[in-house]
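Enquirer: I am attaching a structure below and will ask some questions about it afterwards.
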Amino acid sequence: MLKRKPSNASDKEKHQKPKRSSSFGNFDRFRNNSVSKSDDSIEVHDRELTNGSEEQSKTSSSGGSLGKKVRAISWTMKKKVGKKYIKALSEEKEEESGEEALPYRNSDPMIGTHTEKISLKASDSMDSLYSGQSSSSGITSCSDGTSNRDSFRLDDDSPYSGPFCGRAKVHTDFTPSPYDTDSLKIKKGDIIDIICKTPMGMWTGMLNNKVGNFKFIYVDVILEEEAAPKKIKVPRSRRRENHQTIQEFLERIHLQEYTSTLLLNGYETLDDLKDIKESHLIELNIADPEDRARLLSAAESLLDEETTVEHEKESVPLSSNPDILSASQLEDCPRDSGCYISSENSDNGKEDLESENLSDMVQKIAITESSD
């Protein structure tokens, strides 16, 4: 065993006093002890601070790594959601074209109930996917998007039957983005019924019982030809069988030298010659009385031909009494106090006799000229 060295404190004299190093006695000793104790406490505090800073740095580094992990997970989920939605749209198109869609896998983590929400930051692409349903705080699940498409299908089942403002023919093919559900897929040659025209150039129309938007630059407006108004044929009361010109008519009666005179004074058709009188011929400086007589007789013959044609076309039978004229003829004849006048006593009968005499005279004159 180790032996303890004996202390020499007992060897000192009891009456011997301790030596003072200063005038303050043992004060310096207590001061040195207090200083050493305070130094020790400072060192301990510094150690605690360093340990705390190390722990904080460890916790901060662990928190930063956790934030990176969360961001990586959110980015991965965004990509998965986008791929899933594109796949759903492609399968929907296949169903519309009659092909069978591929079933979803049971292991797909994106298929869930309507209550599942993913607290991720919304991106611009996802905003366009759900057309305003996603917010900055979160994005709805794919099941919500499919329910929205189902509602669109219900709207498509009831086609638009309202008024249209025109039709347009497509001259350029256009296939909208799969995210754009409001635009029409158009092909060259399609006929679109226009519902609304906006000044921005995006029109609304219906194609194959589907209402949607399309740009006016892809179509040509069809101008509907207005139905031509039906021509109302007015029955002419005066119609002749032989359609001749004044020149031919005057050549037939050997008076072609008066063609220019008559044309310059407004006698352009044969109808104008029917009402000509001898005073009119004198005003036209036709001085030869024989020429005037021949022209008047020819005009009267035209009038007689027209009256015979009208009589043939009349469907109203005459009365049993041949002496009494029809009502239409009586309107043209002068009458006194409403009394009917027979054809024997009328002025028309006298004019007919005079016309016959004039025609005989014209024939005699023509015979004499030919004999000469």
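In case you wondered, yes, glycine gets a Cβ from its N, Cα and C as well.
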Enquirer: Of the residues SER90, SER123, SER279, SER337, which is given the phosphoserine tag by Swiss-Prot?
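Expert: SER90, according to Swiss-Prot.
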Enquirer: For the set SER7, SER97, SER183, SER319, say which residue Swiss-Prot annotates with phosphoserine.
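Expert: Looking at Swiss-Prot, the phosphoserine feature maps to SER97.
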Enquirer: Can you tell which of TYR130, TYR160 Swiss-Prot marks as phosphotyrosine?
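Expert: Comparing TYR130, TYR160 with the record, Swiss-Prot tags TYR160 as phosphotyrosine.
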Enquirer: Pick from 20-25, 74-79, 98-103, 254-259: which range does Swiss-Prot record as motif 'Important for interaction with 14-3-3 proteins'?
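Expert: The range carrying the motif 'Important for interaction with 14-3-3 proteins' annotation in Swiss-Prot is 20-25.
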Enquirer: Within the chain of TYR160 (phosphotyrosine), which residues six or more apart in sequence place their C-beta under 8 angstroms from its C-beta?
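Expert: Non-local contacts for TYR160 (phosphotyrosine): ILE195, MET206, VAL211.
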Enquirer: For each of the modified residues (SER74, SER97), count the other CB atoms lying within 10 A of its CB, then report the residue with the highest count.
Expert: SER74
Enquirer: From the Cα of SER97 (phosphoserine) across to the Cα of THR76 (phosphothreonine), what is the distance in angstrom?
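Expert: That separation, Cα to Cα, works out to 32 Å.
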Enquirer: Which ones in the same chain are close to SER90 (phosphoserine), with CB under 8 Å and 6+ residues apart in sequence?
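Expert: Long-range Cβ contacts: PRO178.
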